[in-house]
Amino acid sequence: MVSETKTTEAPGLRRELKARHLTMIAIGGSIGTGLFVASGATISQAGPGGALLSYMLIGLMVYFLMTSLGELAAYMPVSGSFATYGQNYVEEGFGFALGWNYWYNWAVTIAVDLVAAQLVMSWWFPDTPGWIWSALFLGVIFLLNYISVRGFGEAEYWFSLIKVTTVIVFIIVGVLMIIGIFKGAQPAGWSNWTIGEAPFAGGFAAMIGVAMIVGFSFQGTELIGIAAGESEDPAKNIPRAVRQVFWRILLFYVFAILIISLIIPYTDPSLLRNDVKDISVSPFTLVFQHAGLLSAAAVMNAVILTAVLSAGNSGMYASTRMLYTLACDGKAPRIFAKLSRGGVPRNALYATTVIAGLCFLTSMFGNQTVYLWLLNTSGMTGFIAWLGIAISHYRFRRGYVLQGHDINDLPYRSGFFPLGPIFAFILCLIITLGQNYEAFLKDTIDWGGVAATYIGIPLFLIIWFGYKLIKGTHFVRYSEMKFPQNDKK
């Protein structure tokens, strides 16, 4: 039998996120250290053409995923997002595993952001103990989420605005350098696409390897689905925000990568260094310095600190809301379903803060091996969440139509069904399974490295099938699916 799914809009959450908040979450959600720091490594490994093609391909995949999520979130705007859709339209245990894995992923990611924050601050204050900065930033992130959802929304709006402004200025400076208007700048142009093995250095294998990095860079775009549960007029604002995704991908990622590749040759050894500790070799910093802007390192340090805080702020919000929704559905202790007068799930916030703090402490005072395994177990979760979105949307639309509902009644309709979710699922699956494909091409396989890379997959399957075995659930048939908005009519 199919257990009764109790997932509805969680009572008590305040719909205080306005259209401008959602738009900035959609635009700035995935602009972070992946673009500001790690993008140089993609050009170095795959060449300018290979990196650009990888960003365009993964960007197309993410666009399809966001249109799928947009259709689901506009129709059923709940904070459980894809975990809710997974249990309603795929299988209850599937949604259970998606929810717990996503909460755990962000709790660990907050700890990673705390480590990154202290590394960034050490650039300015090398003699100050790093844990002081991490504790300070954890306190700031906690307070932004403690007061109200509007506090999170406002902080994320301004964080994202800083990141977006930086990318726009970067693109303008880059274009001026390329066309020769920026006086005193080092020469730039298409010559960097013809040196050595460019434009496709390393061939197809290098592009596959780069796709992994690019995929991680885009993670965070799905946050808009969770924010839908506290959005004003989600049927109107969610589609508007989702439509921004295509232009964000085109402008902020593709144009930025193109400009970097035209100004800095892929053979520049600085591009391979992608440690947030050394801002001076960020590809953005290198381009600004090529333009004669010698203070670029200090500016980019501040921007990257903003990106780290933004990631931590978003992670705290996402994990808190996911834990709250799990509790409302009876899939986590009920204590986490309690709300403050302002509509904030503070018990869930306390728990997430404690877990994130403990994970951080393992990196500081505990066994580094423990910390690395915690990090590795969460590494796959973003890709698993994307797979869950594609599967849930495909089955949602199929069930919706088979039950006789008119797709024109949907608040937002993905225009590429079924090709969009199918393409996104296949490509995301290839990226997920190909994370460490090089290990299997060597004479001796490093099984420890393989286990560290893929541990997130069996962990997800154990949670899923463990729940399925205990509860006796099965895949939801199309005829059994519930469509609450239509049922209300």
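Placed from the backbone N, Cα and C atoms, the Cβ positions cover glycine too.
Residues annotated as site 'Essential for the stimulus-dependent interaction with CadC' in Swiss-Prot: Asp275 (among others).
What Swiss-Prot lists as site 'Essential for the stimulus-dependent interaction with CadC' is Asp278 (among others), and the listing cites experimental evidence.
The topological domain 'Cytoplasmic' annotation in Swiss-Prot covers 2-22 (among others).
The topological domain 'Cytoplasmic' annotation in Swiss-Prot covers 67-105 (among others) and is backed by experimental evidence. Same-chain residues lying 6+ beyond the ends of the topological domain 'Cytoplasmic' (67-105) with a Cβ under 8 Å from its Cβ atoms: 2-3, 5, 7-10, 13, 222, 224-226, 228-231, 234-235, 238-239, 241-242, 245, 318-319, 321-326, 329, 331-332, 352, 377-378, 381-382, 384-385, 388-397, 399, 410-416, 420-421, 424, 456, 459-461, 463-468, 471, 473-476, 481-482, 484-485.
Residues annotated as topological domain 'Cytoplasmic' in Swiss-Prot: 150-161 (among others). For the topological domain 'Cytoplasmic' (150-161), the model gives a mean pLDDT of 90.
Positions annotated as topological domain 'Periplasmic' by Swiss-Prot: 183-197 (among others).
For 219-244 (among others), the entry in Swiss-Prot reads topological domain 'Cytoplasmic', with the evidence type experimental evidence. Within its own chain, the topological domain 'Cytoplasmic' (219-244) is flanked in space by residues 9-10, 13-19, 21-23, 25-27, 29-30, 32, 34, 62, 65-67, 69-70, 72-74, 77-82, 149, 153, 311, 314, 317-318, 321-322, 325, 343, 382-383, 385-386, 389, 411-412, which lie at least six positions past its ends and keep a Cβ under 8 Å from the stretch.
The feature topological domain 'Periplasmic' is assigned by Swiss-Prot to 266-290 (among others).
Under 8 Å from some Cβ of the topological domain 'Cytoplasmic' (312-346) lie the Cβ atoms of residues 5-7, 10-14, 16, 25, 29, 78-81, 83-84, 87, 96, 99-100, 102-103, 105-107, 109-110, 113-114, 117, 137-138, 141-142, 144-149, 152, 155-156, 159, 220, 223, 226-227, 229-230, 352-353, 356, all in the same chain and six or more residues away from its ends. Among the features that Swiss-Prot reports, topological domain 'Cytoplasmic' is placed at 312-346 (among others).
Taken from Swiss-Prot, the feature topological domain 'Cytoplasmic' covers 392-413 (among others). Long-range contacts of the topological domain 'Cytoplasmic' (392-413) within its own chain (CB-CB distance under 8 A, at least 6 residues past either end) are made by residues 68-72, 74-75, 82, 85-86, 88-90, 234-236, 238-239, 242, 421-422, 425, 476, 478-479, 481, 483, 486.
Taken from Swiss-Prot, the feature topological domain 'Periplasmic' covers 435-446 (among others).
Annotation comment: Swiss-Prot describes 468-489 (among others) as topological domain 'Cytoplasmic', evidence class experimental evidence.
Summarising the annotation, Swiss-Prot assigns transmembrane segment to 23-43 (among others) and lists sequence analysis as the type of evidence.
The transmembrane segment annotation in Swiss-Prot covers 46-66 (among others).
Sequence annotations record features per position, and here Swiss-Prot assigns transmembrane segment to 106-126 (among others) based on sequence analysis.
Same-chain neighbours of the transmembrane segment (129-149): 13-14, 16-17, 110, 113-115, 117-119, 121-122, 155, 230, 308-309, 312-313, 316-317, 320, 342-344, 346, 349, 353, 356-357, 360, 364, counting only residues six or more beyond its ends whose CB sits under 8 Å from a CB of the stretch. If you look up Swiss-Prot, you'll see 129-149 (among others) marked as transmembrane segment.
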Who are the chain neighbours of the transmembrane segment (198-218) in space, where the CB to CB distance is under 8 Å and they lie at least 6 residues beyond its ends?
30, 32, 34-35, 38-39, 41-42, 45-51, 53-55, 57-59, 62, 192, 253, 265-266, 382-383, 428, 431, 434-435, 437-438
Determine how many residues of the topological domain 'Periplasmic' (435-446) DSSP places in helix, in strand and in coil.
5 helix, 0 strand, 7 coil
Same chain, outside the transmembrane segment (106-126) by at least 6, Cβ under 8 Å from its Cβ: which residues?
33, 133-134, 137-138, 141, 275-277, 279, 301, 304-305, 308-309, 311-312, 315-316, 318-319, 322, 352, 355-357, 359-360, 362-363, 371, 374-375, 377-378
